[in-house]
Amino acid sequence: MESLLLIAYAFLYLFLLSHEAEYKINADQSENSNVGRFGGNYGRLGRLSGSIHHWTGEYRGLEKRPNHSEDNPPSRGWTGEPGLDPRGEGPYVGVTDGRILKWSGEDLGWIEFAYSSPHRKNCSSHKVEPACGRPLGLSFEKKSGDLYFCDGYLGVMKVGPKGGLAEKVVDEVEGQKVMFANQMDIDEEEDAIYFNDSSDTYHFGDVFYAFLCGEKTGRAIRYDKKTKEAKVIMDRLHFPNGLALSIDGSFVLSCEVPTQLVHRYWAKGPNAGTRDIFAKLPGYADNIRRTETGDFWVALHSKKTPFSRLSMIHPWVGKFFIKTLKMELLVFLFEGGKPHAVAVKLSGKTGEIMEILEDSEGKNMKFISEVQERDGRLWFGSVFLPSVWVLDRQ
């Protein structure tokens, strides 16, 4: 067995070495040039500059949060979705112990707003995460002020404007349990919710298994709030992650991670009930968010790297790396050995890439999993770091 491992790692080393230059993006290009291998229609490089505010869970008033104690630390990792409520307050973020925190200014910092599980007092350990929940994909309903979110263990949840214990909205679709509810969006005109169920086998705690195992068991789902009926609108998806509704509600986008494809489901119009490919991404997508003008921002977990290509040649290769490598090393190799940040803006009409923002050195931000644009600002979140960044584009 040891000799087999040595041969495999030797092969990996030679593969990475021989392909290293091919997948690099030149970080020294001018702002008016195309982005390396992304080329041509793949937009322009907009560097992330010093006009970035960085808020973390390590300071800025967290010690003033009610009910805070040393046994129940405020920051245990973030979901990467800095949601903003209809009044412009926040951002709101979810953490690994099942809570949703709200930024309440410099004096109060992050305060507890809501939580997924009634077992709140026992949720200070990662070991009980499946029972305590993991808030993902925060979306506010404008007319009610209610916060809807996907929980990576418990399904789709809802909490009122005043916060507190969330209630379950849906955890089963067509007789099958929702295993890994991911990002969601709300169609307020149709009173419907769209969300991804990333896998029928793995939940949030097994995220790497979910997209390296090769199983196409992910689903995009529509839930009718009036009839309380849920139906699958797209199936056989390979780890669908981000999801967003178009500005006119005519279509829904769902991002597959391994294939780098953005699938489109037509909810209205002459093509209603059909699906097609909306875009091909230059990396592995996390969340996708619609802008106020109808375009879309996609956060890329990482660019396509030699290691990621190798690990997805065949499911057994990915499973081999999961079993033999520590999670930290697996993430490091997927990032190409250098944590960085890449955000892509897609045209809401054509799916073409309009703009790319990249911090190739990871100096200002890295490991981003969400980009949300509002009032001339870009909000970034991270699934691996207890951080929220805001970039003032004005």
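One-based numbering along the chain as shown.
The backbone N, Cα and C atoms fix where each Cβ goes, and this holds for glycine too.
For 61-73, the entry in Swiss-Prot reads compositional bias 'Basic and acidic residues'.
Among the features that Swiss-Prot reports, N-linked glycosylation site is placed at ASN67 (among others), with the record citing sequence analysis.
Annotation note: ASN122 (N-linked glycosylation site) sits in a helical segment as assigned by DSSP. With a 10 A radius on its CB, ASN122 (N-linked glycosylation site) counts 12 other CB atoms from all the protein chains. What Swiss-Prot lists as N-linked glycosylation site is ASN122 (among others), and the listing cites sequence analysis.
If you look up Swiss-Prot, you'll see ASN196 (among others) marked as N-linked glycosylation site, on the strength of sequence analysis. When secondary structure is read from DSSP and collapsed to three states, ASN196 (N-linked glycosylation site) falls in the strand class. Around ASN196 (N-linked glycosylation site), the same-chain residues six or more apart in sequence whose CB sits under 8 Å from its CB are CYS150, ALA181, ASN182, GLN183, MET184, GLY218, ARG219, ALA220, ILE221, LEU237, PRO240, ASN241, GLY242, LEU243, SER254, listed in sequence order.
If you look up Swiss-Prot, you'll see 61-92 marked as region 'Disordered'.
Annotation comment: Swiss-Prot describes 1-21 as signal peptide, evidence class sequence analysis.
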